[in-house]
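Starting off with a structure, shown below.
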Amino acid sequence: MEFAEFAARAAEIESEPADLETVDLVATLCADAGDDLGTVARFVQGRVFPAHDSTKLDIGPSLCYEALAKAAGPNVDSDDIERRLAEVGEIGAVAESLDLGGQQGLAAFGGGTDREALTVSGVEETLQALAAAAGDGSTDAKRDRLFDLFNRAEPTEARFLARLVLGEMRVGVGEGTVRDAIAAAFEVPEPDVERALQVANDCGLVAETARDDGAAGLDDIGLVVGRPVKAMLAQAGTAVEALDEWGTAAVETKYDGARVQVHYDGDSARLFSRNLEEVTEPLPEVVEFVEQSLSVPAILDGEVVAVDDDGTPRPFQEILRRFRRKHDVAAAREDVSVELYAFDCLHVDGEDLLDTPLSERHDRLESLLADGVSPLSYADDADEVADIEADALDAGHEGIMLKNPDSTYTPGSRGKNWLKRKPDVETLDLVVTGAEWGEGRRANLLGTFVVSARADDGYEPVGKVATGITDEELERLHERLQPHVRTEDGTDVDIEPAVVFEVGYEEIQQSPTYGSGYALRFPRFVGVREDKSPSDADSLERIDRLTS
C-alpha cells in the first residue's frame, strides 16, 4: 500500500466523529491493506512496533523539527517550525503546511526532481532502521533518514508521518476500535479477537491471523515465553464488597515494589516491567534466582521489592533506582538488595493457565518455586481480612490485595476480580501535560505541573500540582520533563504526555475550571510512576466512578 493511500484513509477517519462509522472505515482500511495489514493496524494507532515490543524510535520533537525544516528548504529552520507549532497547535498541521521537497537535489539522496513514492512498508523499514541506530553519529543518521522521508512526502503524507514519528496519530483510533474493525473486516467474533489481542499483545499479528485463518486461527494464538503481555490490574474495593460478591476472598500482601513479569525458557530468564520494558539487566539477582529455581519454561507475575539485609522492605523509590540503573549494576546491587515475590502463574511448560482459576494457578506456582512465592490466604469474614492486613502492615508492606479465588487471568483488564485495599491517602496516577515556570529561587525551573487523566482521545486536565516537591526533586523533574516541552507561552508550558505522577488528594470536586469537569482538592505530589506509561494512567471513567 502506498503511504499516500494510508494517509488519505487516515484523514477520512480523523474527520469522522461517529464511533461506528470510524470502526467501518478502519475495517475497510484493514481489508484493503494486503501484505501491509499488520503494519497498517499498528500505524493507524500511532504505533511502529507491536505493543509487546519495547523498542523505541527515540526521536524527540527537536530532531523531528530539524528534519522537517531541512526538507522545507534553506529558508526554514527549527525555530520557524516551533513558531508555527505555537500557532496551529499540533505537528501534523505544521508538516502539512510546509512546502516539502525543497532539498531534493542533495547528492546524499541521489538528486533528481521526481519524488519516489512512499510506501507503508518502506516507511516501516526506515523507522525500524531509525530505532536501531546507535552510537557515534546516530543522531545525524536519524535526522538524515527522517529528512529523506519528509523530503518525499506530499502534504497529507507529511501530516501523518510527523504524527507517527512522535507517536501521536490523533485520529481517534485506539485498541478497542482496531479490535472491532478486525472483527468486522474478517467476519470473526469480537470476543475471539479480544482474547487473541490479550494473549498476543500485537494487533498486527491478530489482524493477519483473523484474515488468514479465521476464528480457529485466533483460538490457536497462545502465550509465548519471551513475549510479554499486559498485566492484570486491580481496582479499589473493600473487604465487605469482596465477601458479599465472592463469599470467600483470597488475600495476599500488597507490596510497595515494582511489578515484573518473569519469562523463563528453560535456559535463561528475562524480566519485563508493567510497562513491558525489559528490565533483565538491572536485576541480575532476580534472574539468577529464577534460573536456579525453575526447571521448566514458565511465565510468572510478581513484584520486585527493595529490602534491607534482614528482609525488611525499603521505600518504593529504592527499587526504582535499580530499575533505572543501566551501568555499574554490580555497585547498585551492593547498595540496594531486591527480592522477587511471585504471586501468579500464567504459563507452565507449554500450558497456558489464563483460563485456570486463581486458586489453581497459585497451587501451580507453589509447585514450581520452593521460595519467593507470595503467600495466599483465604478469608470468609471481614475480621479475618483485617487480621491479615494488620500482619502485612506490621511487616512494613503497603497493604493487602483481595482476589476472587475463582477468577481467571485477563491481561490488561482492570475489573472487580482483583481489589486493592490500602490504608493510605487516596492517589491517582496522572499524566503531566503542562507546567508553569516557578517563582523566586525556582524561577529557572518548571514549578507547577498540570496533571491530566486519560480521555477517549487524549488527556484532560484535573489539576495543578506544586506542593510535596523538594528543591532536589524539582530539579530532577525539570531535567526529566525538559526534553518533552512542546511550546511555551509566557509562563505556560505545553508538555508532551510522557511522564506519570502519582498525585495524592483530599477530594475530587466537580469544577468548570477544566474540560474534564473535575478538579482535585489539595493535590500533592507523591512521586513519579516510573513503571507506568501515559496509557496506564487513571482515566476520566475511573474518576467518574470515584465521584459517583
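Cβ coordinates are placed from backbone N, Cα and C, and glycine is handled just like the others.
Quick paste from Swiss-Prot:
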- Glu252, Arg259, Arg274, Glu303, Phe343, Arg414, Lys420: ATP binding site (BINDING)
- Lys254: active site, N6-AMP-lysine intermediate (ACT_SITE)
To the nearest whole angstrom, state the Cα distance for the pair Phe343 (ATP binding site) and Lys254 (active site, N6-AMP-lysine intermediate).
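Distance (Cα to Cα, whole Å): 10 Å.
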If I take the alpha carbons of Lys420 (ATP binding site) and Lys254 (active site, N6-AMP-lysine intermediate), what is the distance between them in whole Å?
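Spelling it out, the Cα of Lys420 (ATP binding site) and the Cα of Lys254 (active site, N6-AMP-lysine intermediate) are 8 Å apart.
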Using a 10 Å radius around each Cβ and counting other Cβ atoms from all shown chains, which of the binding-site residues Glu252, Glu303 yields the largest count?
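Answer returned by the neighbour count: Glu303.
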Under 8 Å Cβ-Cβ from Arg274 (ATP binding site), six or more apart in the same chain: what's there?
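Spatial neighbours, sequence-distant, of Arg274 (ATP binding site): Ala231, Ala258, Arg259, Val260, Gln261, Asp531, Lys532, Asp536.
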Measuring Cα to Cα, how many angstrom lie between Arg414 (ATP binding site) and Lys254 (active site, N6-AMP-lysine intermediate)?
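Their Cα atoms are separated by 16 Å.
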Do you know which of the recorded positions Lys254, Arg259, Arg414, Lys420 has the most other C-beta atoms within 10 angstroms of its C-beta?
Lys254
Over the residue list Glu252, Arg259, Arg274, Glu303, Phe343, Arg414, Lys420, recorded for ATP, what is the maximum interresidue Cα distance in Å?
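The widest Cα-Cα gap among those binding residues is 19 Å.
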If H, G and I count as helix, E and B as strand, and all else as coil, what does DSSP give for Glu252 (ATP binding site)?
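The residue in question, Glu252 (ATP binding site), is strand (DSSP, three-state).
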What three-state secondary structure does DSSP assign to Arg259 (ATP binding site)?
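Once the DSSP labels are grouped into three classes, Arg259 (ATP binding site) ends up as strand.
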